[in-house]
Amino acid sequence: MDLVSRIRFLRLSLFDEMVDKGYQLNLIVYSIILIGLCKIGNTDRAVRFLRLMEERCSHLFSQVKVKGIRPDIVTYNCLIQAMYNLGQPEEATRLLNKMMDNNISLDIVTYDILIDAHCKDGKNSKAIDTIDTMKKQGIELDVVTMDKARKVFHLMIKKGCAPDISSYNIMINGYCEATRIEETMELFHEIFQKGPIPDTVTYNTLTQGMCQLGRVSSACELLRKMLAFGQVPNVVTCLNLLNGLCKSDKLEEALELFRAMRNSKLELNIVCYNILIGGLCKSGHIKVGKELFHKLSVYGLKPDVYTYAIMINGFCKQGLPDEAY
């Protein structure tokens, strides 16, 4: 029997006895006790203890702090999960706030707990919003999270609450981040079948995902589809495709796209020029890069520190130090 299983037989008095006798309980002990008790949340004993924990929770945390032990993410996740299981969302929210007040960042386990809780409560839109928050916080979405999100989508559709394009965009972004391109394209095709019209954000997310995976030709095909359906590319579209084409050493296509974007009256920023100049210099086309550099003022732009760094690096690599300095 492992230590977690033995927690099943612990009584609250044993914990009190340990504290009364002055045992210096560390974070590991606290976490094992909490995790073990949460794991038996389907028994009468667990329910009784967890009900008591609602009253003792603040006392427990104060004990931990007094002893110089800082509750960690595992401790909080365990208690938050338990509170949701007991139907105490307010207490779970309080713990979440306390966790953030203590500068403990939510991890993927915390977010998974929240997604599950929202789904069980029928708050499907909130579950999707949670996924969006994860992305914004830089949490890497895993297979489990995305599969849960997909189930939420199906549930929303089944209940007659069709996801809007913003929800689809969040999902597409998540699948792109998880490099699950097949599921990404399935969702994209589903949009056309279910009704919402893909917007510029949809196409930008897809082109970025395709380019990051080296599927630049597919990204360019998406641009053609975007134009065919009346969606107007923006600077982000240009950045995604230029970056992908330059990294794939497709300079002719990059220049062609650049000219087309410029002729479309799209206001290209210095970042677009930096990407193209960088691609040209890296591929040995330093002369073309230099010409573009000198035309910046004509287009009402000023080179920034990155532009100069790109040019200096390009000249040095081509054995032209006099040009660089």
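Using N, Cα and C of the backbone, Cβ positions are placed for all residues, glycine too.
The repeat 'PPR' feature in TrEMBL is assigned to 26-56, 72-106, 107-141, 164-198, 199-233, 234-268, 269-303, 304-325.
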DSSP residue counts for the repeat 'PPR' (269-303), split into helix, strand and coil: 26 helix, 0 strand, 9 coil
Secondary structure content of the repeat 'PPR' (72-106), with strand meaning DSSP E or B: 26 helix, 0 strand, 9 coil
Distal contacts, the repeat 'PPR' (234-268) - CB-CB under 8 A, six or more residues away: 200, 203-204, 207-208, 210-212, 214, 216, 219-220, 223, 226, 275-276, 278-280, 282-283, 285, 288, 299
